[in-house]
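For reference, TrEMBL has these:
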type	residues	note
REPEAT	3-86	repeat 'Solcar'
TRANSMEM	61-80	transmembrane segment
REPEAT	101-202	repeat 'Solcar'
TRANSMEM	106-127	transmembrane segment
TRANSMEM	186-204	transmembrane segment
REPEAT	211-298	repeat 'Solcar'
TRANSMEM	216-234	transmembrane segment
Amino acid sequence: MSSLQLQDFAAGWVGGAASVVVGHPLDTIKTRLQAGQGYGNTLNCVLTVYRKESVAGFFKGMSFPLASIAVYSSVVFGVFSNTQRLLSQLRHGDPDPSRTPVLTDVALASMVAGFISVGIGTPVDLVKIRLQMQTQPYIEASIKLNPTAPGFPVYRGPIHCFRTVLQKEGIAGIYRGAGAMLLRDVPGYCLYFIPYTFFCGWITPDGCMSPNPSSIWLAGGVAGAISWAIATPMDVMKSRLQADGVYLNKYKGTLDCILQSYHNEGLKVFFRGITVNAVRGFPTSSAMFLGYELSLKAMKRDQTETNP
């Protein structure tokens, strides 16, 4: 049996950091559309954020994801790659790096990575969304203007947000939306890694040991767009559950959020932000996979040169 490969975790960290820098502005717009009110459509949301909060508004809450999603992506890619390697080893005895991955192995490894990722990703997403949402307009006649009403910042930063939620809502508050995230990420990662593996193998010329950067960029982008588009319904529910609690507490849980959202807004509510999700999925996933694959290749090259 081969040992745990820590390089996959390090490369996942690089990929995660790259994806946050590229995708956070669109992630902010996606969150505002899904959990906020009064924006109408994507263009109106972009213009409203820019007019009221300037360019800085698109980067609200980015410092925490930049520090933490890199770790989150490190775990996802590390777990995925090592699980896939283990499954290949169990199947073939001695895994060959040049062998085309078996899609069933990719699917199983994706599900394991998606399940484990929820434990780390839920608190990260909750803090990010709370920070993104605390200045968005909220239509509620019963709210009087005060320091905890919409338009006034509730949290001074990511650490204060995490501490405040933990003090007021406990561990359950930190993991609010975990059920929706589990329903989003377990199938979502299957639809992330499987298309990437398929398109990479399809695009890469015969005889090449590894895909070139352009193949990685295209395959990663297509996989990200597919995965995020299909994951949008549960992503909407997760965003609403995690944004809930900044000013009001509307939802009792995932099922209650689904039922209330459908009752109030109809079927279309589950597809709010799908365009932004799909568009955002391409560059963020391209950056993610490029950062992962290229840094992994560089680390392996350095290791070979150090240990000839």
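Placed from the backbone N, Cα and C atoms, the Cβ positions cover glycine too.
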Non-local residues, at least 6 beyond the ends, that sit with Cβ under 8 Å of the transmembrane segment (186-204): 76, 80, 100-101, 103, 106-107, 109-111, 113-115, 117, 210-212, 215-216, 218-220, 222-224, 226-228, 230-231, 234, 285, 289
The repeat 'Solcar' (211-298) - residue tally per DSSP class, helix then strand then coil: 73 helix, 0 strand, 15 coil
Summary of DSSP states over the repeat 'Solcar' (3-86), given as helix, strand and coil counts: 71 helix, 0 strand, 13 coil
